[in-house]
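**Q** Pulled from TrEMBL, these are the listed features:
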ACT_SITE  Ser67  active site, phosphoserine intermediate
BINDING   Ser67, Asp279, Asp281, Asp283  Mg(2+) binding site
BINDING   Glu373, Ala374, Asn375, Arg501, Pro502, Ser503, Gly504, Thr505, Arg510  substrate binding site
DOMAIN    54-90  domain 'Alpha-D-phosphohexomutase alpha/beta/alpha'
DOMAIN    108-169  domain 'Alpha-D-phosphohexomutase alpha/beta/alpha'
DOMAIN    181-286  domain 'Phosphoacetylglucosamine mutase AMG1'
DOMAIN    300-439  domain 'Phosphoacetylglucosamine mutase AMG1'
DOMAIN    458-528  domain 'Alpha-D-phosphohexomutase C-terminal'
Amino acid sequence: DDETGFQEVLKQSGLHPKPAGLVLQYGTAGFRTNAKKLDHIMFRMGLLATLRSRKTKATIGVMVTASHNPEEDNGVKLIDPMGEMVTPTWEGYATQLANAEQEDLLTALKDVIEKEAIDMSQEADVFVGKDTRSSSASLSQAVMDGVSALGGHSKDYGLVTTPQLHYMVCCQNTKGKYGDATVEGYYSKLYQAFIQLTKSVLNRTDDQKHLSVDGANGIGALKVREMEAHLKKELQISLFNDGSKGKLNHQCGADFVKVQQKPPTGVEMNPGERCCSFDGDADRIVYYFIDSEGQFHLLDGDKIATLISTFLKELLTQAGVDLKMGAVQTAYANGSSTRYLEDTMQVIVRCTKTGVKHLHHAAQEFDIGVYFEANGHGTVLFSKAAEEIIQHLAEDANINDERKRAARMLQNTINVINQTVGDAIADMLLIEAILAIKGMTIQQWDSIYSDLPNRQLKVKVADRRVIDTADAERRAVSPAGLQDAIDSLVKKYRKARSFVRPSGTEDVVRVYAEAETQESADDLAHKVSLAVYRLAGGVGGEPKQLL
């Protein structure tokens with residue numbers, strides 16, 4: 001009887017009470033805040049995941065992590081059946097459930113059940129994973145309490161990276177077509193594809209096989225350790241910030257390196273050596289090196305996307321297969337990368353709004369879609385048709401060796417990448433394979449194109465909603481006169497570009513500017529932020545000139 005089921009929810013939710021008046025929003029990254037405020041949220045996301053499972057008649061994932069946030073924070077994300085992010089409607093339900101006061105929880109729950117016409121007798125399955133934060137154990141238990149309160153079944157994957165849980169959910173719901181839904185299955189699919197990709201490359205020295213990895217003192221470090229054994233010395237990893245002594249994300253990790261434009265603490269670097277950093281839950285990666293002058297060079301998501309797009313484009317040509325390939329970027333992508341892809345490589349480039357879900361969605365419109373955010377989160381998507389065409393070619397007895405070799409490499413590329421979501425481990429293996437196949441050093445990769453100097457600034461405003469954008473955030477439609485002001489400023493500099501967009505999280509407007517010289521980029525960014533301050537209700541003192 002339904003009512004007895006709800007009594008269980010009532011009883012259990014009393015053990016995970018909501019602090020009165022606390023309001024949280026399900027954003028791009030799910031819920032994320034100080035871990036002490038999350039117990040009731042976790043329990044309720046267990047409830048919601050159970051409903052989502054019944055609605056989709058499939059397994060749903062719940063990942064407990066706060067990615068690159070500090071150690072004391074935590075968070076939760078829901079994963080839909082194909083390993084993708086949950087739909088906007090259900091993000092709305094998540095927010096409603098999370099914010100219902102204790103006495104209104106059942107009403108909120110029944111509201112979702114009614115709106116979605118959910119059959120409560122349907123089986124429900126939820127996969128749960130967690131990162132290495134000290135709060136993750138009890139919080140993931142709260143999720144499982146929520147699942148069982150509504151009569152669902154949960155499977156606890158314990159410590160996994162976010163992309164690993166996305167992978168498990170996808171494997172489960174494709175009945176094993178995407179792979180085997182175990183951590184072992186994940187490693188064996190990836191490393192076998194990596195070994196196949198690199199086995200044709202002869203005479204690689206130990207130096208060429210060596211990579212330093214900064215594990216951000218997080219879950220990624222643990223999982224790289226587990227996988228290392230499988231790599232049979234084909235990739236020799238030196239792991240730093242492995243969590244044995246340092247604090248999660250503290251002065252390390254992809255976000256730190258990208259924002260600070262310097263190497264993480266705790267990594268020993270020799271000139272010209274390849275290094276990469278994962279973020280806290282291992283769904284982002286950036287590469288970097290120091291040159292013989294001691295100068296730091298960052299290879300971010302744009303550089304990664306360019307390397308991968310170039311590699312795939314060349315393989316498609318060699319395989320003689322006509323598939324529509326595109327690279328998807330946001331307005332933050334450096335202008336040099338866009339020019340290189342379009343002009344030199346003849347790759348279609350699509351620009352979307354900021355946020356992984358927009359990029360992922362746009363990439364699905366191509367046979368092969370490569371997307372990366374500048375912060376290092378990205379992957380490659382292959383359409384069903386593309387996968388079938390590539391498979392036929394790889395098995396075709398009547399084509400020449402060069403075409404067959406290219407088709408097999410494309411096949412292995414499909415297997416090494418995690419198509420459900422950006423995955424630092426999978427992306428690392430693909431990048432390492434490409435560099436080996438092309439016989440490229442990290443310096444040669446870096447010099448494919450030179451980034452235009454750029455500058456990002458923030459302007460405090462009374463209300464960020466006065467700024468409205470169009471054309472994938474590249475143009476401001478309101479307030480009146482702002483875009484005209486930006487246009488006339490941009491005209492004064494060479495190779496210049498600038499755009500402004502409201503922050504998704506706070507009352508600030510983000511300003512981006514790039515130009516031929518750093519001085520021009522700084523000057524342009526400052527003048528644009530003055531225009532924002534004057535036309536969009538800036539608060540505090542007016543933006544100061546950068547010194």
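Backbone N, Cα and C define each Cβ position, glycine as well.
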**Q** May I ask which of the binding-site residues Glu373, Asn375, Pro502, Gly504, Arg510 is closest to Asp281 (Mg(2+) binding site) if we compare their C-alpha atoms?
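**A** Closest recorded candidate to Asp281 (Mg(2+) binding site) by Cα: Asn375.
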**Q** Using a Cβ-Cβ cut-off of under 8 Å, list the residues of the same chain that are 6+ residues beyond the ends of the domain 'Alpha-D-phosphohexomutase alpha/beta/alpha' (54-90) and lie near it.
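**A** Non-local partners: 29-35, 38, 41-42, 45-46, 48, 116, 118-120, 122-131, 133-136, 139-140, 143, 152, 162, 165-170, 172-174, 178, 216, 219, 247-250, 253-256, 279-281, 283-284, 356-357, 360, 419-421.
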**Q** For the binding-site residues listed here, Asp279, Asp281, Asp283, Glu373, which shows the highest count of neighbouring CB atoms within 10 A?
**A** Asp281
**Q** I need the CA-to-CA distance for Arg510 (substrate binding site) versus the residue listed as 'active site, phosphoserine intermediate', whole Å please.
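**A** Counting only the Cα atoms, the answer is 22 Å.
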**Q** Within 10 Å of Asp283 (Mg(2+) binding site) (Cα to Cα), which of the recorded positions Ser67, Glu373, Pro502, Gly504 do you find?
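**A** So the list is Ser67.
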**Q** Let me know how many other Cβ atoms fall within 10 Å of the Cβ of Asn375 (substrate binding site).
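**A** For Asn375 (substrate binding site), the 10 Å Cβ neighbour count is 21.
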**Q** Show me the subset of Ser67, Glu373, Pro502, Gly504 whose Cα is within 10 Å of Asp279 (Mg(2+) binding site); these are the recorded positions I mean.
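**A** If one measures from the Cα of Asp279 (Mg(2+) binding site), the recorded positions that come within 10 Å are Ser67.
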**Q** Are there residues of the same chain, six or more positions away from Pro502 (substrate binding site), whose CB falls under 8 angstroms from its CB, and which are they?
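**A** Counting only residues 6 or more apart in sequence, the Cβ neighbours of Pro502 (substrate binding site) under 8 Å are Arg464, Arg465, Ile467, Thr469, Val508, Val509, Arg510.
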**Q** Report the DSSP secondary-structure composition of the domain 'Alpha-D-phosphohexomutase C-terminal' (458-528) as helix, strand and coil residue counts.
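**A** Going through the domain 'Alpha-D-phosphohexomutase C-terminal' (458-528) residue by residue, I get 23 helix, 24 strand, 24 coil.
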**Q** Can you grab the distance from the residue listed as 'active site, phosphoserine intermediate' over to Glu373 (substrate binding site)? Cα atoms, rounded to a whole Å.
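**A** If we compare the Cα positions of the residue listed as 'active site, phosphoserine intermediate' and Glu373 (substrate binding site), the gap is 16 Å.
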